[in-house]
């Protein structure tokens, strides 16, 4: 069966022309993926357009969101998607996550509840395959003024210690901090080590005059507040 290449389609049907003429919101999910992929490919059955590759990815994973959660190696399981195309997609989705997180940070958001912090940092942490421990710095009005990554790859008292948590907070003149880390397993329940470290940091913060308002665990789209659990007084 002969497949008509995209460049031979009617201009009004070509994803690039549709975007330039009508804007990105008119594009289907398959067309958005096609523009990110950049081009189609050739298989033993003949040429496959970028839009067809986009449809194949959506069929494989069910939705654009699910495609965005996949690692490059997983994306290459779809026929016609090689490492180059897979890394393009992964980079584009990561850019989107960073833009959303930075947009909320740029608004100098005031923290009124744990969900506020989860909304800002969840997109950056929830899809990682290793644990990352971050500290969010707040001013006296509970507005986010900065953040600092303390450790990557695991959570233990030898990696997360008070000095590493509060040193940068002092330099930023933070009035308080909120700690957070992710659980790649997707389980938002705190471990014994999570609770122990939280109490250790809260005690150190009280001594230094930089209180720890909360410690959030990000797990997928869920989060747990250890302050709400009563771990932090």
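A Cβ is built for glycine as well, from the same backbone N, Cα and C atoms used for every other residue.
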Annotated companion of 181, 183 at the Zn(2+) site, Swiss-Prot, chosen from 147, 194, 214: 194
Binding-site residues listed as 181, 183, least Cβ neighbours within 10 Å: 183
